[in-house]
There are 2 protein chains.
Amino acid sequence: MALCKSSINGAAVNLLLLVLLLCSYCSQLEAKTHLHKWDVRYEYKSPDCYRKLVMTINGRTPGPTITAEQGDTIVVVLKNSLGTENTAIHWHGIRQFGTPWSDGAEGVTQCPILPGESFTYRFVVDKAGTFMYHGHYGMQRAAGLNGLIIVSPRLGLPEPFTYHHDRSILLTDWYHASTFDQAVGLSSVPFVFVGEPQSLLINGRGEYNCSLVAKTPAPGTGNGSIPTCNSNSPECAPFSLTVVHGRTYRLRIGSLASLSTISFQIEGHEMTVVEADGSYVEPFVTKNLIIYSGETYSVLVKADQPPTRNYWLVTSVVARKPATPNGLAIFNYYPNHPRRNPRTSPPAGPQWNDTASRLSQSRAIKARKGYFESPPQKPDRVIELLNTQNKINGQFKWSLNNLSLALPSTPYLVALKKKLKGVFDAEQPPDQVNLDSYDIYDVAKNVNATSSSRIYSLEFNSTVDIVLQNANTMTPNNSESHPWHLHGHDFWVLGYGEGTYDSNRDPQYYNLVDPIMKNTVPLHPYGWTAIRFRADNPGAWFFHCHIESHFFMGMAVVFEEGIGMVGRLPSSVMGCGKTKPHRSLG
Amino acid sequence: MALCKSSINGAAVNLLLLVLLLCSYCSQLEAKTHLHKWDVRYEYKSPDCYRKLVMTINGRTPGPTITAEQGDTIVVVLKNSLGTENTAIHWHGIRQFGTPWSDGAEGVTQCPILPGESFTYRFVVDKAGTFMYHGHYGMQRAAGLNGLIIVSPRLGLPEPFTYHHDRSILLTDWYHASTFDQAVGLSSVPFVFVGEPQSLLINGRGEYNCSLVAKTPAPGTGNGSIPTCNSNSPECAPFSLTVVHGRTYRLRIGSLASLSTISFQIEGHEMTVVEADGSYVEPFVTKNLIIYSGETYSVLVKADQPPTRNYWLVTSVVARKPATPNGLAIFNYYPNHPRRNPRTSPPAGPQWNDTASRLSQSRAIKARKGYFESPPQKPDRVIELLNTQNKINGQFKWSLNNLSLALPSTPYLVALKKKLKGVFDAEQPPDQVNLDSYDIYDVAKNVNATSSSRIYSLEFNSTVDIVLQNANTMTPNNSESHPWHLHGHDFWVLGYGEGTYDSNRDPQYYNLVDPIMKNTVPLHPYGWTAIRFRADNPGAWFFHCHIESHFFMGMAVVFEEGIGMVGRLPSSVMGCGKTKPHRSLG
């Protein structure tokens, strides 16, 4: 790059030509740096017509979409204007090779960012695809601190499909209770569950039924001139996606739902799935795309229906008994008015409890021929994680192999790199518990579960298999879906199974031919999911259920690998716990 | 002290007697250290029957009362369990001689305490009297983070009055909106004022009219099994003060109201005021004690009424047009049932807008003969602070001499002691603006007001006069009351005046004979208040309006004095802004 630049400054034309030739091999030639200045604060907004405090980025929720080209550098200077609350933002799906301190996982990779302070995230987007970002501190993601990252392939690298237009849709669910209310309830004894979300949002817009809200103004609106719920607020006008008949649209769809698994469909239109979590998918056609929190997909949609009217774009809750109305947006055929509702009834989503068809869609997602890297054929280590609901000291928790993660007040990455003692429990968590003796269909009764800050140490560059084993919760005949998200890596999805995993039998049926690489994968009720990854990214990395409340209740583990290779940590990630400035200014 | 201790270990009786004699002069003999371990978190509580998140200390709001003897050392190890929010606690009325870093004023004396971390406050209570503590970060005081400190005189030092029993009462007002809602409204453009409080609390208990609340359960209560407002909640049973006929009670009364100035009275009983902010008052009798936020008083009350029934203890709002119902508690004559309401109607409070009688009570508060220190007869410096309401960048603010305080992200004390550059505006704020040319009766129009981090540098041990000058707000015919509180010092109250202060005329009428020493003093509508203090406490100290919203909107100045004499700062006060650990762990 330096060569290219200085040479272009030269005058001789033949030298210039030579340099241009060289530069075609110079992979950094087109790499740009994108500087974003973000101000994070609370503001009153009405995303689903109900007015409440929302965390915004530069006045918006979802925040601005980051767009870049593969190989570019993203710089986000985040100013915390929250008043009394800290923050941190995770770049979901970005692997952070060489910049593990920019992963934004409070407690793992950094201290939180204090009010009044600015923090600079700097990282390279090394892979094309659809990614996301969101708050990764407390339950801030659910407060509206989220958005999309769209990375296009390096110039000249064609994609294995074509389309006319690129559009994106971020799906969320939305609570009227503050994240403080939610968090206190989840950690209360007795437990107070926040319940199902009030709305599903499509690109930050939903429509709550305001007649369900008392007419009294919201607390904090003072003189009462501002109603709590206003169906006519422009902030909750439905999202409208305008299309031209005959054109093909790439829809990038991500979900950062707190709780819900979402079915996405477009009335009268089929979708061809072509990308998942930044990997190309062997195309398949569906009417309902099931999307778990933390996942992204690209689908191709041809605007091939009669263009004389608009169509519904619908989201609905699956995998939990729904108590949240469907989310609606408008698939608008030009030149119909973008706000004109179709006269048809919105199509109903799939049965919420049709686990078989969701499992079937999971299995349908394979890597695209000619566009994938084969997995190592054998793992160096297998970690089986039994997912259970537990009570610890009277509080409801989620545990893996009977351990519920409790973050230390010093981030793991800093403690490991600086060799600080006493930050976290030194012993590793167990690689297995005896699954044979555990009845996954029985009500969870793991009385020995404890809170723990232990982490897994992985050998650098080793191949690690993780088998997630689901089980019954503490409620009879109930097993929940858990979308598991890995930071710092993509993993191959080796297989999904029903019932109890059998370490002798099941690996024989792993897909080692064309497994998709993802960063988030569902664990289905009463089932298991097996993944494989290379521990090739020096750092400390979360692996956790992406349901916000489950994560808050300890449903997470942490891996570390190659810490000796981690570069010099920026001082900005420190300042908490044992990294307070004891000796710096004395 | 060391002498006393080691000598007592000796055996010879005559030596012991000598030592005991010596120890009667050993002022530290009885000094104890009181260790308190506090856990600060959010919990659901119903202080006025309305259920909402409240900041608690060890499960309580108000927090535990700290009791100690003059000269004792208080150690509070504060664990922040708030989740995502920082905190800091100020020890209101404690001067912190030698421990300015323990003042708990976030942004002035310390960085905030991060979630998951513990911070140790350690200070000596060098003066007997009634004091308070409260959150001093954002608007956390209004979230319930508050309590009382009661310091009794050193053993053997008699007080100038007698009583049978010592009881204490903390007065607050209470909002149903969260402090987040309040703060966002106050900084919004357009401005959204939270309005008047929903309730007045007496020792943390009030009674909201639950019929005014919609029957829908509060957000966050999930399944709806927990009602938003429950008149039968034991948490909002009225406070009952049990007395025995014929006995005299010392009532220590403090106010940490957010907004309200409160009139306190006991049906059928007179009160003799004997203490204010830890200074003995020349006794006077009143039926209504007017108490401003930040003030404490002791009154003597004789239980001299017919003991066959209970009496009302009433708080009511003055100095603002009240929209908050009176607060009620029970003055219970033993053996009547402590919860039996009197059949009488609670007495009405004084007229809210009777400024003259409030001014008259302010003037009635003089130092007790024989129990006061005379003030220096002349000041070395006079600072006149014109109090105005302004708009700055569209936001409503409060300013002093056209400057509205904006705290830097590095605490002043640390920046000054460590000589860190660029933390705050170097220039001092002006000592005066031209009052002659300012019409205090005109609607405020200070278009030149700005936000600023400038502070006043006081010469160590100099005598400083502050003249607070009130004015009309931005609303026609409106001037508000402002209780001004000084950290790190008591001050003599030299006088109160009506109209515009005249620096030639008014000082002639200052009370230099028996002015009371206080730490909080009211500034009356369209009036002025003059105080004097010795800048004898090395450190950096807030001086601010104690109305939470006014403080939040910049109604504060900061003084610094004798920084060179400040001892070594504990590293625990650092970690934010320019005190992040740049060099400590590299």
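Using N, Cα and C of the backbone, Cβ positions are placed for all residues, glycine too.
As given in TrEMBL:
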- B:40-154: domain 'Plastocyanin-like' (DOMAIN)
- B:168-335: domain 'Plastocyanin-like' (DOMAIN)
- B:430-562: domain 'Plastocyanin-like' (DOMAIN)
- B:337-357: region 'Disordered' (REGION)
- B:1-31: signal peptide (SIGNAL)
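When DSSP labels each residue, the domain 'Plastocyanin-like' (B:430-562) comes out as 12 helix, 54 strand, 67 coil, counted as helix, strand and coil in that order. With a cut-off of 8 Å between Cβ atoms, the residues of this chain six or more beyond the region 'Disordered' (B:337-357) that come close are 237-238, 240, 242, 263, 265, 267, 288, 290, 309-312, 314-322, 326, 328, 330, 524-525. Look at the domain 'Plastocyanin-like' (B:40-154): DSSP puts its residues at 7 helix, 56 strand, 52 coil.
Look at the region 'Disordered' (B:337-357): DSSP puts its residues at 3 helix, 0 strand, 18 coil. For the domain 'Plastocyanin-like' (B:40-154), the predicted model reports an average pLDDT of 97.
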